[in-house]
């Protein structure tokens, strides 16, 4: 599995989806790679749809302020798939909720969220609402609870259309039927009159996808779209998501903790830890040559056919409290490479050696020096042997 | 992962992460309870009323510190009006005044509060014990036991509590507060049983119960040692609210003449006895009313504080 | 659905049967029905005792007595009380008053409670929310009879005295204005400045309102008049349109405005019809209003036809209610004079032998219902407020509400279509429980206000250890609870499609 790091556009699973990516992406990505741009975010370009700059989100609670997201930046271009990986509580969901404008009122949001150059955080609520569901749509994690149990599927789909466009209900329902056909729900006409509880989990997630794309959005945010589903259904849903994305020419922000999903789908990947981006780059370089021990640890802790027989190398410990963050690198308490520097100074995202990707680690060069970076997470039994 | 889980992450993080603060369930509950200001105020008021009611006129043969009796009459002081005054603060001879035949009304109110409290506690205890056991058994065994319980609850819903309580009160009211408290408790247990049944229905499917069953733990032990402790929050909260309701129920019955009977007294009975005196001696009406409200309100606030304390889902976010 | 209802009916029947048995037996054992006669010193003492024992079949085992009672009930015979009077006529007198009281209190508590609960939930942690929560706790802790006696003393007696010369003292106007300001301020969200502005607006508006009412002695001869009806109607038209369809498009707004204008015009045109109508005519007018408004919505609604029809109907009915209220208020001074200027009554369910037209008799029963309903409503109101608040808070945190927002739906649709309907589901289960509580409360309230209603029948029967009247009371209230329970079940099934199937 050695792909040239600079050409991450090809999907990995099969060749069903061919992407017609404008050369500008490659060009400007190339700019970053040769190190002209010191910033981890690519420079704005014509086909950039979404740009998140230095986003941070805080929640005041009785126990103190929760720093859920601290300084996340990324950019998304047309038809691109960006994967965001991280453990629970790493801020990956919160940052995308901020993009959707769905955070509770108590959240303190700073930074910029630019949709085609307009800052969504500065828009009037009405303007924000008109983008939501029409230009930026979302697929949620748990399809069992994300659909309203008391309204029919057809009604819930049609109202997504009617929220943005005044038209006869009949036409909206016809659109809804088309979408159900598109996501592969059989007998779409009859299914419009069904209630969510009459659908299986996979069918509901298909309906959620139909709902997300019904207004031809530019961006689909998929928040762990397969986590709540049976393993056999997961692949189908991901496949469908990519297929539908192509049908409507949308870009996807795919949030997941499943590295396999990212590897199979995403062009670029953003790794988050304790509310911070700790590594960002094109998918292949990040996976082949991780430059942040956390990413390496994640890679070491997934079972795969290649490593079968060998031991898994889990990361020890748990993520830190987002109220009392440790000084220095938030990963240092769990990091096998941590030293005094790590415990005192929090590393910035900086460009590394490997194919233009950025990592927030003081010691990324030590990872670069070894063949298999997961080796630092050797278990005790391995060390003895 | 969802947003709410994010907001709660600090809790688990705080325990396992950098600052290791291990707290037991009881400590967390206590901490949350004492943060609830209304509950704390309720606790103080209730404590004061309790101490005042049981120490002032004496209880169960032990004499109290108040020198007037709730039975013997005396000469009218100040036309029987309350001698209590706040500025300048004096208690006077009869702080709550005297009734129409000169009995000290403070002593009488305290005696009434005592009796009302006894009834309320008994109702709370009886209803909780019966309701918890029936609810637990029905929720755990399901099947016929459950069906019978649900039908009984249906019947009890059809009969308004006040109606069945009145019918029983007519029979047991003059037998004293203890029998009255017990029978009233027997009328309101179905609410608790229903609640607990619901809890048991969901808890019996949990893994730890499966595990206990798998190693051959007897059913009785599973019910009382494994599941019941997990429902302690629900039990405590609804027992508190049942007690608050019992205060009101007892006073309503006594007011209708179907509860505590003269010469014995209770707060409701006092209001009943002097309701016609409202225009001439309004204080005879005010004092027991204020005490009923103080008791019921403080118990209700305590219940609310307990509910907040036992329900960790409610992590309040301040804007 | 029909199977579902039928099954509920059968179960309810047996439940009711079991309940009657329990009540009968317990009542029979509640004491000694001959107690008063045993202390009797008259020479006929023994004959009286024998007579009553014979009539009450005291020598027959209680289970057989119950079966006898059941047999008579099946034949439609309620039997006699222990003094030999037939129960049926007593019951029919008592019935309407009590049912009026119970239903008025329940309907008011449900609507007002749910509205307050929802607003309180949507404004969680606001001043309004804290006030409502605190007030609900107070209501939970108030002894009903005590409140009733207080209301009798302060509201009825003092208010009637005040009505003789209805000038609001400046201090009271100041207090009311302050209250109005506080309500406005507490309901507003936003920063301190916005809340202060709202407070000031509320202060001035309510201050002016009460000053005008006082100066014009409005309370001596109240009424609204067509201009006010029109103004209120137009305001509700805009309000309902904003709630259901939004003000973005014109169609629905035109429909509701038309409904309001037609309503106001009718208050003038319908003069002769409304001079002394019957309830049947009022009902007919209501149906006509609904039909006209549906038509308006259909014709003018455009692409938002459904929402327009709902909004227009609500506006029409509301404006109609204003017209009704206006008429009734106009009859006030004549009515007040005819009851010696004591319109708020403290005793009984109606003024004995009162003769008057539709509006005056309406005012008469309203005047009698006012205080008992106010007392009775407190606990239920608190229950519904707390319950719907909790339910709404729970629902607003659900994933599907987030989905609705993610679709870009306006907040009113998110709340009314997605949250409200789900939030109502648990509230319906509350209804049956609560109604039983209200009936219990009615027993107490009737006692305080001296109504010779069902509650009186029950307490008297119970004091006399006489199962007849007690059972008659229970048959009626038990059936009411069962019917209400069934309505709640059907409503539940209607609201929640998951139940419909099973």
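Using N, Cα and C of the backbone, Cβ positions are placed for all residues, glycine too.
When the ranges C:68-89, C:134-155, C:332-353 are checked against TrEMBL, the one recorded as transmembrane segment is C:134-155. The feature transmembrane segment, as given by TrEMBL for the ranges C:308-325, C:398-415, sits at C:308-325.
Remote same-chain partners of the transmembrane segment (C:167-189), defined as residues 6 or more beyond its termini with a Cβ less than 8 Å from a stretch Cβ, comprise 119, 123, 126-128, 131, 195-196, 198-207, 209-211, 213-214, 217.
In this chain, the transmembrane segment (C:282-301) touches the transmembrane segment (C:308-325); three or more CB pairs sit within less than 8 A of each other, excluding pairs fewer than 6 residues apart. Taking every recorded stretch in C:9-30, C:101-122, C:196-220, C:369-387, C:431-451 and counting its Cβ pairs under 8 Å to the transmembrane segment (C:134-155), the highest total belongs to C:369-387. Here the transmembrane segment (C:196-220) has Cβ contacts under 8 Å with residues 163, 166-168, 172-174, 176-185, 187-188, 333 of the same chain, all six or more residues outside its ends.
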